[in-house]
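The structure appears right after this line, and notes come after that.
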Amino acid sequence: MSTETRESASQGSRRRTTTGIASGLLTVGAALGAAELAAALARTTPPVVAVGDAVVDSSPPAAMEYAIELFGSADKLVLMLGVLLVLSVGGAVLGVLSLRRPPVAFTGLFLFGAAGVLALFLRRDDDPWAVLPVVVAVAAGAAALGLLLWSLPGGPWGRERGEPGTPSGPGALAPVPGPERGQGRRGFVLTAAGVLAASGTAGVLGRRLPSVLEGHGSRESLPLPAAQNPLPNLSKGVDLQVPGLSSFITSNDDFYRIDTALTVPRLDPAQWTLRVHGMVDRPFELDMDELLSLPLQEADITLTCVSNEVGGDLAGNSRWLGFPLAELLRRAGVRSGADQILSTSQDGWTCGTPTEAVMDGRDALLAVGMGGEPLPYRHGFPARMVVPGLYGFVSATKWVTDIKLTRFADEQAYWAQRDWGVRAPIKTMSRVDVPAPLGRVESGEVTLAGVAWAQTRGIDAVEVRMDDGHWQEAELARVPGLDTWVQWIAEADLEPGMHSVEVRATDGTGFTQPAERVSPLPDGATGRHRIRFTVE
Ligand SMILES: Nc1nc2c(c(=O)[nH]1)N[C@H]1C(S)=C(S)[C@@H](COP(=O)(O)O)O[C@H]1N2
Ligand SMILES: [Mo]
């Protein structure tokens, strides 16, 4: 073989590979777009989400914790991108295969579909319609791949090389540069563009359709009544307004989000009911009109996730509006021995809360409002639980629809089944926000600032120390109660160079945060936040 022919042969094979990969990716795109649309029409879960759910449900707790630690609130996005990546690589392989052995590629496509159905079973999906999008996906993928192969000159199903004439297009009139690059290739490109446009349209339609079908604005139009005890506006002294310091109130948009839901449930408040039952004298059901007609209370409460690492940002503070959970339980009449409130969300997540914590007089709420608005969908619309002093995984059920009084000895909630703690009061914690870790500041008086929390106990003191020196007391901002974080501030005169600052808090019981580092699993991290920064 001459160098020239070898070169053009390798060029040809490179082009074949590119064409194969493109066909494979387009096939995956067509399958996913069609699946989104089918799922929206059948009002069921798109297969990618089902696969993601199956991954979440069958992951070991340590892996889940690692993912949350690594990606925080972006963990779901990362998981979905992972699923898409696997599908794309699989698609690319099938695409390349399809040029030589179409039957093998189509078999591969069906196997993907079978894996999707298996994921539905692993997820224990009881919605029979959930299989439909998978079937549609395989059909659309097969159709797209078939079309692409058919439009490919010299492809396994395409016309013979150089066969003149395409069924359509002005290409037939244009000068043809060579037998392989002529109107035939244009046919493939046009088919590819058509497949891409169709899948994109189907995908976007599928994404938009649910909110259109369900009637827009159910959240926006929910009439939130005023609280019976409207709290005064927060005094200026709660927020030190230091640039870079977490604001005292976290806006709804900035509030961290942690949950197992891959798509945010969008409940219709008109359909919502809460069932209160189990070990109670008077089980009952409550709908949204009834809930909103009860005397509602406001409370400032800082939520914290048990997965929060020392220095982490899985905590947020808001003004909540809701009906006291204790009163709700008194209406039902809790029987003795019912030490666990087992709450369930609309999407099947469960949470076990100590009855005693909710009944001890703290401001535990069945909340409907957050930051002066109905709960955002991401944060549990139309109703969720908020219990000061307990980590979210044992207290803060979003999209709550069922509350059952039971015993810890009889039933285990979602995370308890996965090795996490059962009773999990929030540990006393503090964090440096300013300067930013590894940040640069000007020499002279350097401002240090952050937040500290010990919900239900309150923060008595925060101390900082520079470069492992002696502890100096920081100044605390004001707080409206014991259930929120508090901002702290301190100043230090520092020479240029690398410095460190470490912080520790003492809570209302006189307990000072220990130096000992413990990881979040099973009931919350301990240790002191220490950061390094440069003075210029
Ligand atoms: N339905 C449901 N509620 C849930 C969870 C969940 O996975 N599903 N996660 C809990 C956890 S672990 C935390 S920390 C809080 C977080 O609430 P947020 O997302 O509103 O900040 O919600 C809790 N409520
Ligand atoms: Mo959490």
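Glycine residues also receive a Cβ, built from the backbone N, Cα and C atoms like all the rest.
It should be emphasised that the depicted structure is a prediction, and the values quoted were computed from it without experimental measurement.
Here's what TrEMBL has on this protein:
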- 262-415: domain 'Oxidoreductase molybdopterin-binding' (DOMAIN)
- 158-178: region 'Disordered' (REGION)
- 21-42: transmembrane segment (TRANSMEM)
- 77-97: transmembrane segment (TRANSMEM)
- 104-123: transmembrane segment (TRANSMEM)
- 129-152: transmembrane segment (TRANSMEM)
- 187-206: transmembrane segment (TRANSMEM)
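Remote same-chain partners of the transmembrane segment (21-42), defined as residues 6 or more beyond its termini with a Cβ less than 8 Å from a stretch Cβ, comprise 48, 87-88, 90-96, 98-99, 109, 112, 129, 132-134, 136-141, 143-145, 148-149, 152, 192, 195-196, 198-203, 205-207, 209-210, 213. Within its own chain, the transmembrane segment (187-206) is flanked in space by residues 19, 22-23, 26, 29-30, 32-40, 46, 140, 144, 147-148, 150-153, 155, 158, 166-167, 169, 171, which lie at least six positions past its ends and keep a Cβ under 8 Å from the stretch.
Tertiary proximity for the transmembrane segment (129-152) is limited to same-chain residues at least six positions away from its ends with a CB under 8 Å from its CB atoms, namely 19, 23-24, 26-39, 42-47, 50, 94-95, 98-99, 102, 105-106, 109-110, 112-113, 116-117, 120, 158, 184, 187-188, 190-192, 195, 199, 202. On the 0 to 100 pLDDT scale, the domain 'Oxidoreductase molybdopterin-binding' (262-415) averages 97 in this prediction.
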